[in-house]
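Right, one structure below, let's go through it.
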């Protein structure tokens, strides 16, 4: 398996930031009431991940080890500020919907963790690809959780898509079934915890079945012969 294939497998499945590392749970559980919010936060995190990995990889040889963490945090904070200003300018309603969780991307352990564990020790290309794959893996978890909560809670999919894509995107809303009263358990944080637990359980079941299908390698025991010298 090539280096890029291994990075992709780690980010999307084997070491997924949300399902395996369980990082960034605060925004993951709080913002994923709809697909729109989940996708907006996921794309913002993805952009910051790629940018921080690239910049950290570029400056890794010039930053003393003693101050590397503060420097990494400053880089991440600058990128989050840029993304925040962009969303504020071009998707103001989404900016209001995400609220405090948008600037809190600075404290997301996924980003600082990849900067320290990977980007500071690998090449520019590998670091950028790692940021892309980790960001996509995190965004996928956000979107799946947001879709399930929106579907169970409101009976819709892509509700409020115009907040992210503009007024024309209001036609993207899909009404799967009619709901007179929203299912509050799915819409509130307790429902997010339950949904997250079910997603983790599903991943573990899939992994266990895949491992069970793998051919078993039988270990051959070797008995060491004792040689006694005869005079």
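FYI, residue positions are counted from 1 along the chain as it appears here.
Even glycines carry a Cβ here, placed using N, Cα and C.
Annotation comment: Swiss-Prot describes 18-38 (among others) as transmembrane segment, evidence class sequence analysis. Residues 45, 94, 97-98, 101, 104-105, 108-110, 113, 137-139, 141-143, 145-147, 149-150, 153-154, 157-161, 163-164, 187, 189, 192-193, 196, 199-200, 203 of the same chain lie 6+ residues outside the transmembrane segment (18-38) yet bring a C-beta within less than 8 angstroms of a C-beta in it.
For 39-59 (among others), the entry in Swiss-Prot reads transmembrane segment.
What Swiss-Prot lists as transmembrane segment is 69-89 (among others).
Packing against the transmembrane segment (93-113) from elsewhere in the chain are residues 17, 21, 23-24, 26-27, 30-31, 36-37, 40-41, 44-45, 48-49, 52, 69, 72-73, 76-77, 80-81, 83-84, 87, 134, 138, 160, 162-164: each is 6 or more residues past its ends and has a CB under 8 Å from a CB in it. If you look up Swiss-Prot, you'll see 93-113 (among others) marked as transmembrane segment, on the strength of sequence analysis.
Within its own chain, the transmembrane segment (127-147) is flanked in space by residues 4, 7-8, 10-13, 16-19, 24, 28, 31-39, 41-43, 45-47, 49-54, 56-57, 110, 114, 118-119, 157, 192, 195-196, 199, which lie at least six positions past its ends and keep a Cβ under 8 Å from the stretch. The transmembrane segment annotation in Swiss-Prot covers 127-147 (among others).
According to Swiss-Prot, the transmembrane segment annotation covers 157-177 (among others).
The transmembrane segment feature in Swiss-Prot is assigned to 182-202 (among others); the stated evidence is sequence analysis.
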**Message:** If I count Cβ-Cβ pairs under 8 A between the transmembrane segment (69-89) and each of 39-59, 157-177, 182-202, which range comes out on top?
**Reply:** 39-59
